[in-house]
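J.: Take this structure first; my questions come after.
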Amino acid sequence: MHLPGALKFPVQSKLVQQARDLARTVQGSALAMRKPRLKSGEMKVHMLSLGRHWEYGSQQYVRSWGGVAVPQVPQHWTQLAHHLLAQAGALDESLAAWAEHYRVEAALVNYYPDDASMGMHQDAFEDSNAPVISLSIGDEAIFRAGNNETRTKPYEDLRLMSGDVVIFGGPSRAMFHGVPKLFPCTAPSGCGLSAGRINITFRQVEV
Ligand SMILES: O=C(O)CCC(=O)C(=O)O
Ligand SMILES: [Fe+2]
C-alpha cells in the first residue's frame, strides 16, 4: 500500500537528524554505516542497522556485532509505525490488526547517493510476516513493486516522493521489489536532506 505524503516535513527532518545522530554513535565501529559487501559485489547503498543487525555471514539477526551493541530504535519511530499502520488500516482492514501490537525490532536506514539503486529482492530474513513499513525522504525514486514469484515482470513502477510511505503486508509481504532509479536534485527543501535519498524500513523480526 502506498501512502503518498504521509510524513510532514518536520517529521522527515527529525527522522534524518535522528538517523545522523545514531550513525555518529557507531562511526568507526563494526556497525558503522556502510555499503555491504555481498557475494555478488559491493552494494551502492549505505546501510545502518538499528535494533537488530542482519549478519550476512551467519544469516541471522543479531543484537550486537563485533562487540558493539546495535543502537536502539528511537521510541518515536515505534509510535510512528503504529500511527502509520492505523492510517493504513482505515484503507485495508488486514493492516489495522497490526496497529496496536506491532514491534519495530529492527529499523534499517538506507542512504542512496545520486547514482545508487537496489536490485529486485524479497525481504525474507524476518521470521514474522508482520508488514514492512518503508519511508522515503529526499530525492524522488522509482520503486518497482513486483510479484511474489520472480524478479521480472509483471511489476508496477511507483514514483516515490519525499514523505511517501509504502507498507507491504499480507500477500504483498513476499513481493520482489527494488529501486532501479533515483532522480537527483529533487529533494524538497525542508525534508532535512540536501542530496540523495534516505529510506527507512521498520521490521518486526520475531513472530
Ligand atoms: O529504498 C527502498 O525504497 C526499498 C529498500 C528495501 O527494499 C530494503 O531495504 O529492503
Ligand atoms: Fe526490501
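A Cβ is built for glycine as well, from the same backbone N, Cα and C atoms used for every other residue.
Pulled these from TrEMBL:
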- H121, D123, H177: Fe cation binding site (BINDING)
- 103-206: domain 'Fe2OG dioxygenase' (DOMAIN)
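Would you situate these features in the structure and describe their surroundings?
T.: Under 8 Å, Cβ to Cβ, and six or more positions away along its own chain, H121 (Fe cation binding site) finds R151, F176, H177, G178.
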J.: Looking only at the domain 'Fe2OG dioxygenase' (103-206), what are its DSSP counts of helix, strand and coil residues?
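T.: Helix, strand and coil residues of the domain 'Fe2OG dioxygenase' (103-206) number 5 helix, 47 strand, 52 coil.
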J.: Report the same-chain neighbours of D123 (Fe cation binding site): residues 6+ apart in sequence with Cβ closer than 8 Å to its Cβ, ordered by sequence.
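T.: Listed in sequence order: V132, F168, R173, H177, T201, R203.
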J.: Neighbourhood of the Fe cation site (H121, D123, H177): other residues with Cβ within 8 Å of the Cβ centroid, in order?
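T.: Sorted by sequence, the hits are M120, Q122, A124, M175, F176, G178.
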J.: With every protein chain in view, how many other Cβ atoms are within 10 Å of the Cβ of H177 (Fe cation binding site)?
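T.: Its Cβ shell of radius 10 Å holds 23 other Cβ atoms.
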